[in-house]
Structure formats: structure tokens, C-alpha cells
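S.K.: Submitted below is the structure of interest, expressed as C-alpha cells.
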Amino acid sequence: MTDLTQAQVRERIEKGLASRHRKEKLFRGLGIGSIAFGILAVVILFTDIISKGSGAFVQTAIQLEVHYDQQVLGIDKVDDESLTWANFTGVIRQSLRDRFPSVAGRSDKRELYTLISSGAPFTLRDRLAENPDLLGKSERVWLSADDDVDTFVKSLKDSKEGFRGRTSDQKAGWIEQLLESGELKKRFNTTFFTNGDSREPEQAGIRAALMGSLFTLLVTLALSFPIGVAAAIYLEEYAPKNRWTDLIEVNINNLAAVPSIVFGLLGLAIFINFFELPRSAPLVGGLVLTLMTLPTIIISSRAALKAVPPSIRQAAMGMGASRMQVVFHHVLPLAMPGMLTGAIIGMAQALGETAPLLMIGMVAFIVDVPTGVTDPATVLPVQIFLWADSPERAFMERTSAAIMVLLSVLIVMNTSAVLLRKKLERRW
Amino acid sequence: MSTMTLDAAGRTDTAQSEVAGGQLMTNRAAVRETVGQPFCDTAKLRMRNVNVFYGETQAIHSVGLDIGQNEVVAMIGPSGCGKSTFLRCLNRMNDTIEGCRVEGELSLDGDPIYGPKVDVVPLRARVGMVFQKPNPFPKSIYENVAYGPKIHGIASRRADLDEIVENSLRRAGLWNEVKDRLDKPGTGLSGGQQQRLCIARAIAVSPEVILMDEPCSALDPIATARIEELIDELRENYTIAIVTHSMQQAARVSQRTAYFHLGHLVEVNDTETVFTNPEHELTEAYITGRFG
Amino acid sequence: MQTPTLFALLLLLILVAYGTGFRRAVSTARSLGGVRNLAALPSYYGLYTALWCGLPALILLGAWLVFDDAIIRAMVLNSIADKPEMISGQNLLYAQIQNLAAGHLIGEKSPELQSAADYFSLLRSRSNNLQAFLSLVLASGLAAFALLRLSPKLRAREKVEKVLRIALIACACAAILTTVGILLSVLFESLRFFQSVPVTEFLFGLHWSPQMALRADQVGSSGAFGAVPLFTGTLMVSAIAMFVAVPVGLMAAIYLAEYASKRVRSLAKPILEILAGVPTVVYGFFAALTVAPFIRDLATSVGLEASSESALAAGLVMGIMIIPFVSSLSDDVINAVPQSLRDGALGLGSTKSETVRKVVIPAALPGIVGGVLLAVSRAIGETMIVVMAAGLAANLTANPLESVTTVTVQIVTLLVGDQEFDSPKTLAAFALGLMLFISTLVLNFIALHVVKKYREQYD
């Protein structure tokens, strides 16, 4: 073959151009498609959760004329002892029978009683405890409806028929009657934020789980931040370059990628079985999450220390400061914003973690709001996991609502980390 | 402002007085029009009134220049004078820089270089480029040279490809050194060899023009001499524009030399004239080493 | 004395020690004619005293808190060891004793139990008193000792810094301790498990039904601990996840790094990163309640049989979760490819996609492979999505529409709820944990090594 002339080459190039540009467009399209897929996933995920969960922030309530009848209650004065034994359920049933006088027959009556939440008697008890004068008198009170009623009422706006589930035609009739007369309304669901877990969806709330998360995070923060920063300081400012520090470094990087559930196994075997710390306690949860977030915090703290220019260290050393003084007086304050950002991100990671906490028993059914780090508790993600397993439709709504709360907290944490970084970031 | 006027004595009084006042580096008003012979009859590349902007800042101010067929034009000037930027306009490598905007008329054999309908792919095949730092792909020597012909579909058979690779390496003066290790990575060669490999890679697609952006700045003197020889040989077949930092190199390899100063093209003349008898004060100041 | 009160008291002592040391140093300095005549600043003398005062006492207190329960337990159980009817069920018995001592045991109380409970209460209060007494005496004694040693020549700063330095080293070793802790905790329990179930059976057995093995006579003979279905299930879910995450993540990274303008990049990148910040339990919920039913309906509509918990749903959602992980790792390595290589390719007349496909990606390949390996390790170890959406049935199947189970799912199901800690069922979870730990460790190690080597290449 002789040398191709430039003209021949030109011709050959021109021939291939169209298909090459097509491929280019295709490739570019694939890129855009991938981005779009990711963004679409975000949008679908969030709309799905929000559409499922927004309903849980309102709750159906029924207004009843309640007569605090001494006879039905079985008490004659209001004190702690008598309130404990008083039959508020009877009072509510009486009111329901009065409201629907036409209902007769045992089974129909029993169905009538299921309009009101089984937690309503406690509402009445609290009211009476606050106003002892009410004894023997009547008042109109809004009481939480049962979750089936709640689900049915909420589904009415989607379709004429509504989601019936266990709701019979008869019951649906009563509900419509109450709705028309204005004795049934949807109100803000305070229960969701003030109660602990419950078997009854309308009484279930996230307060206990939120407090559990708070205590767990406090333990995690109190341990992982100082330890992480100290480790970073040692590795970045002191450690000689040798095999030992290499080992620590490889170790930290590896730990950052170890599955979280393995940390749960560690917590179970060491903290619970060996040290016999209490099961289900935020203390143990915090310890496990500390070990889990430590690599993240160490890595980000080291990055923050690295970003402080050596000239500052040299300047301080030149003034005769000891190494410790250089670090604590000069380097650390400058690196603090970066370290705090890393800590917030680590905490956000810990807040969303579920699997290792299942291992150490934070999955128990816990109604009481924990008051300390050794009380049995659960955390928000675990609460979501537990509710997601419950068959009631009303729980699905609450699960999504709990997710919305969790995501909001996470968004706040992450945004503040970003803002903190932006605000305090220093360019050298 | 018009660069079309070929007034050889285009200096103004202000320029002279300010030069005399030692304001060489800072005063942009010192340069109004290009002196010397920026244009020629056998123009392969024709540039008129070229302005280049990076965002808001203007990097090139109305430059007009011709590069003739089978001619080596050297572009010299202090760092940051815009010579590399100008070179990168010629095959539109500035497109890859975000915020870079090129204005003016640029044409290759009468075909416009910029314009909505111009396809950069064949343009860059016609105007090849060799960069400051040798940048062989992390592939074998053979694959490095075969890359261009392959993507452009120039060779359809393996034998043709082999021949193109051999010819290109021969022309780049590298064949004898690498013919036994064509399958070894190109990154394993020495710096000078790597740069010649990059030249071989560029000529494998039979370009008409080769742009060289300080091709020897990362090389030792012996490798530099080898490349300079090569440029002289390549002149037979190609038109070459070379940006260089070294005045000696410009003097050795080029027929014409263009002197850039702060984004302005100050003077273009025969290389000999520029180095022995520069017309412009700024050129003289530069080649006599008053700044650089 | 209650522990919190004791802590408060100790803290107070430490503060007093600091103050005394500080003032002693200041007054000494004054008599010598200024602080410059001391070997260190007064605050270091204060810290020196405070460290002597607080550190040993706090260590003692910590050790006490860790070990006192176990010692009391051993002593109480020992005291009733001669009564054979109470030997069995020690845990329950001890819990009863504790409850009785705390005064809220409902039910019958045997005199033996009562006396044991009394003994427990006695020990408890003695332990508390002794702990308070010893730590306070230690703290004040050592503080006094330190004060006696204070002199203008004492190099207090160096001594304080030495202690601090040791504390820093100890913190840096926490990572090593964690790894050792993980290894010890999974290794020992696994060894115990392999005593009852042979390793070969665990690794190569085809049947997994740990529930069967609850009956003691069946352990090891039922063949119920064959983990192969778990491994295949894990691999299938991870493979589906990778099938989604690698192309999408990689293409997204390429687009952002090579094509997108600054504006698009600054918008799209944070949105993609939201996916990384969503907790896994949320993905699990999404997979179980939205994606799985959708896939089932879709499969049914084209005439396919699909389980309501399918490997596909779990894998798909896991893939979405991993997209930002793959894309940010790939973004890093793609950006590390020098611009000069791109220029070289573009200068020859390559289109952008040719540059990316033929030059940038081959150059970045080691880094990308490393990133993908890290992503695989993540997929294997991911728990909540599969627990909520993949199912529990240990099917040995290649059909992604069927429900499968994974190693992590089994660890969770075996360990959630109350079990005897010694049953093979519980121990099996640790054996699975060991497998998980080893495989992810190997993957991480290779991946980190590859990425490190890659970075060095272009540094």
C-alpha cells in the first residue's frame, strides 16, 4: 500500500462522520438518562412516602355528649385511687348508645362501640382528673376515632366508596351520619407526637422512639467525637510513619466499609453478653453506633487537620510552642469547622441506622418514653421497621409519617453540615 | 480597530515615549497594530481580527496572521501573552474550556474553522496538535499510533493499519527505537521518545497542519535537538505552527516568527529579521532579554 | 452512695485539685519573682494535680462498674450452690433474686430465695460503699501526693503532655480494638458452632432451615445448616443491585464529569446524593410496600408467576441506593484522569464519547473497578432492604421473581427475639457473621488497595 493522500484520508473520515455523531448522541443520551433515572428515583421515593404518610398528621375525632355518671363510673369522688378503677369505657358506651338510640341487639351494639378508640377512656380520665367538678355533669368532648374509622374517613376523599376493610355498611352509615351533623372531624394528630408505641394505630406515636434516638445519639456523640478527634490528631500530627500507623490507617479504612450488622454482632457478643450491659438500652446502642461512626469521624477530622497549612504550625513552633500547644492552640481551632461537619454527617448516618440496633434488642415493643440511657428504648428507624411489619392500613400511614419525620431531621442535619462548611470554610 | 492595514511603521508617538519611560510590561496602549509581515500569499491558515475571551477577561486582542503552506511559524513572547491560547484556537481546542469565547474570522484553506455548521471532528483531523507535556495514552505504543486511524476509520484492514503505524513512527524518527516493543506501554518510553510518539500519533491521521504547544519544554537538550531536527523534516509535508518559550528554538526551526505581548500580536517577520533587526521596541526588548 | 453522686463528687475534687495546684504555683512564682521562674505555666501545675487526682480514681471506678455485677452474681450464686434444686436455670434464678431484692417480685417466695436476696442486697450496698470510699480516698490521697511534689523545677507541662499523648494513642487504637473485638466476637461463637455443625456442611450444604434444629437430638444430623441457598440468594440480590447501580452510576458520573455544565452539575449532584442519605429502613419500606407489589402486578399482567417478596424488588431498590455510591467514587477517579489525555484524544479529532470510551475509561478502569468492588461489598452487607423485601424462605433458585433469603436476613431473624445464647441456631448467626465479615473485608481490602495504587499513578 502506498501512502494515502490527504484527500483520500479526508474522504474516509467524512464517510464515518454521520455514524460517529449518532453514537455520540446516543452516549450523551445514556448519560442524561442515567441522571434522569436517579432524579426520578428521588422524586418517586419522596412522593410515595409523602402521599402515604401525610394523612397520619391528621386524625379523625368524634364528638360525644359525655355524662360523667357516678353510677356508671362506679366512683363517688375524684382521687387517684378511684380514677384508676373508674369505668370510663362504660361512660363512652353509654354516650354512644344515647347518640344512636335506634341501635339494638348485642352484636350491633358491640359494633357501635368500635367507633371510638380504645384509648379514649384515658382521655376522659385525664379530663376528669384535671376538672374534678365535672363529676356528675355532662360535656361535649372530641374523642379519637378507632383506626378503622380513621382509615375509612380518610379514604372517602379518594373515592366515593372509600376503603372499607373491616367497616360494615351499617358502620359506614353511622359514620356518614356523624360526618353530616359535624360531629366527626379531622384534627391535627397530636397523639402521634406525644405517645409511645401502641398496638392500636390511633394511639401509636413516635415520642418514645424519638427520645430513644436522642439518647442514643447523645451517647454516640459524647463518645465518638472526642475519641475520633483525638485519634485523628494522633495520626495526623504525631504518629511516626511506620508499620504500626499504617496498620491503624488500613484498619480505619476497612472498618468504614464493614457492614453495619457486623457491628451489631459485636455489640451483642461484647457489650451484652460479656459486659452484661442492659439489653435494648440507648447506652449499648450508642456504644455500637460509636464504633460504627468512629471511622467516618476520624477520616473527616484528619482531612480537616490536613487542610490546615503547615505554615501555621511552623509559625507557632517558631515561637517556641510545644507540639501539644501548637495542636491545641492553633491547629485544632482552625480545623474545628471541618471536624464538626464530619461529626454531623456521622451523626446523621447513626440516626438512620437500623440493623445493628436490631441485634442488641432495641427492637422490643416499648410503650414508655425512656428517661435515661439505661432504660429500654427503641429508635426511630427501628420503630419504622416495626410498624412497617404491622398489617393495619393505619400503621402504613404512620410508618410513612415517621419516615417523613426521620427524613426531615436528616435533611436539617445535612443542610446544617453543608451550611456550616460553607460559612466557616477558609481558603488558604 | 482594523488589522487589515499593512502599515509597517504603525507605531505611535505615545508608544515610543512610554517605552522610553520604562512602562514596557504594563502599558497595553503601547501596541496598536502589528508591524512586519503578518500576511502571506500562500496562506494555509488565515486569521483575521481574532478576539478571545475567558468569561469577562479578554485574552487575545484583534490578532491577524497568516500561516503559509509548508511553513514553520514560531510564536514567542513572555508567559501569559496569549500565544498558547491563540494556537489552541486554530483547531478549536479552546472549546473544551468552559467560558472561553472566540471571535473573528479563522479559516483553513478557505474553509471556516468556527461556525455553527463546522464539525470539529474532521477539522481536528486536518489540524493536529502536539502538547507541552508528552501525553501518550496508557496503551501500547502500537495502539497509541493506531488510535487516530482507528477512530476515523482510515484503515480498514490490519495490514493497512500496520503500515500506517510503521510509516508514522518512521516519519517521527522513532521506528528503529521501538519496532521490537510495539506492544509495550507508551508511558514506559523516555520523555523525548514519548513526545516523538505523540508526534507520530498526530501524523498518523495525515493532518495538513500540526500545532505544537511548547513541545520541548519538558525535555532535556538532547531530546530537544532530536525534536527540532524532526520539525525540520516534517516541514516538507506539513504546515507547522509552534509556540515556544525558547528564542533559540524559534530561531533554529522557523521561517517566520510572531511576537505576542499581553494578548496583542506585536510583530511578525522573517525569523532572521526578528532576531537580528526587530522593528518594534517591544520585540527588541524581549529578544535582548530586558524581560521574559 | 449512688454512682452519679459519686461522679459529681469526684469531679468537684478534681476541680479543687486543679485550683489548688494552680494557686500553689502562682504563689510560688510570686515569691520567686514571676512566672518565668517556674518550669511551666501555672495552669500546667493545676492540670498536673488534677490528673493525679482524677485519673487513677476514675479508672478504678470504671473497672468497678464493669466488674462488680459479675462478682456479686458469682458470690450470690455461689452462696446457694449447695442447694441442688436451684442449680438449673441460673439466669432466671438470678433475675428472681434481683427482683426480690428490689421488692417487686410477685408470687411465692421461698426462704432460700429470700436469704439469697438479702445477701444480694447486702453485697450491693457494701459494694457501693466500698466503691465510693476507695475512689474518694484514692483521689484525695493522690491529689495530696501531687501537691507535695509541686516545685518550681517540676516539668509539669511535659508530664501533662505525656499523659495526653498516651490518651491520644489510646484513642487511635480504638479502631484496632474494634476490629479485634469484631473478630473475637464472631470467631469464638463460630468455632462453637462448627463444633456441632461441620464446616463443610455449613459451606456446601444445600438446605437451610435452622428452626428444625431447635430440638437437641437433631443438631448436626438434620443437615439444616447448609448455607448455600443463603449465599446464592445474597449473590443474586447483589448482582441485581449491581446491574442497576453500575451502569446508571457510571454513566451519571461520566455525564457529570465530562458533559454537564457547571450549573447542571451543581444541581444534579446534590439531588443524586440525597439517595445516599436516605436511611436503609426507608428503602426497605419503599421496596416492600411500593416496588414489590408493583413488580408482582407487572409480572402477573404478562403472565409470570411472582412472589410478593422478590429478589428483584430488593435488588432493584438496593441498586437505586447504591447509585450515588458508584457515581461519586467513579466521579473521583474520572476527575483524577489528567486533562492532558483528554486533550490528546480530542486533538486527534475524537468525539467526546470516543475520548471517554477509548481513553478516559480505560485509564480510570482500576479506580472504577475498585469502586465497584466497594459497592459489591456494600450490597452484600446491606441488611434492612433485604430483611423487609427479600423474604425468609431459603430457596435455591435462579428466578429473580421468587423470594430468596440472604446472609444478613438470616442473621437478623436468628438473633431478633429471645434465644438461649448457646443454641446452635444463635451460634449459626455468628458463623454467618464471620462469613460476611471475611468476604467484605477481603473485598474492601482489594478495592482500597487497587484505588490507592491507581491514585498514586496520577499523583
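For all residues, glycine too, the Cβ spot is worked out from N, Cα and C.
Where the annotation comes from TrEMBL, it is an automatic prediction and has not been curated.
For C:6-26, C:47-67, C:130-151, C:163-188, C:235-259, C:271-295, C:310-329, C:359-380, C:427-451, the entry in TrEMBL reads transmembrane segment. Annotated domain 'ABC transmembrane type-1' per TrEMBL: C:231-447, in sequence order.
A description of the local structural setting of each listed feature is requested, covering burial, neighbours and distances.
M.R.: Through the fold, the transmembrane segment (C:163-188) approaches residues 51, 55, 430-431, 433-434, 437 of its own chain, all at least 6 residues removed from its boundaries and within a Cβ separation under 8 Å.
Sequence-distant neighbours of the transmembrane segment (C:271-295) (same chain, 6+ residues past either end, Cβ-Cβ under 8 Å): 252, 306, 308-310, 312-314, 316-318, 320-321, 323-325, 327-328, 382-389, 401.
Same-chain residues lying 6+ beyond the ends of the transmembrane segment (C:310-329) with a Cβ under 8 Å from its Cβ atoms: 233, 236-246, 248-250, 252-253, 256, 272-273, 275-276, 278, 280, 283-284, 286-288, 291-292, 295-296, 367-368, 370-372, 374-375, 378-379, 382, 385-386, 389-391, 400-404.
Among residues of the same chain six or more beyond the transmembrane segment (C:427-451), those with a C-beta under 8 A of the stretch's C-beta atoms are 182-183, 185-187, 189-190, 192-194, 196-197, 202, 210, 225, 227, 230-231, 333, 366-367, 369-371, 373-374, 376-377, 380-381, 407-408, 410-411, 414-415.
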S.K.: Count the CB pairs under 8 A between the transmembrane segment (C:47-67) and each of C:6-26, C:130-151, C:235-259, C:359-380, then give me the winner.
M.R.: C:130-151
S.K.: Give the one range among C:6-26, C:130-151, C:359-380 whose Cβ atoms make the most pairs under 8 Å with those of the transmembrane segment (C:235-259).
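M.R.: It is C:359-380, which has the most Cβ pairs under 8 Å.
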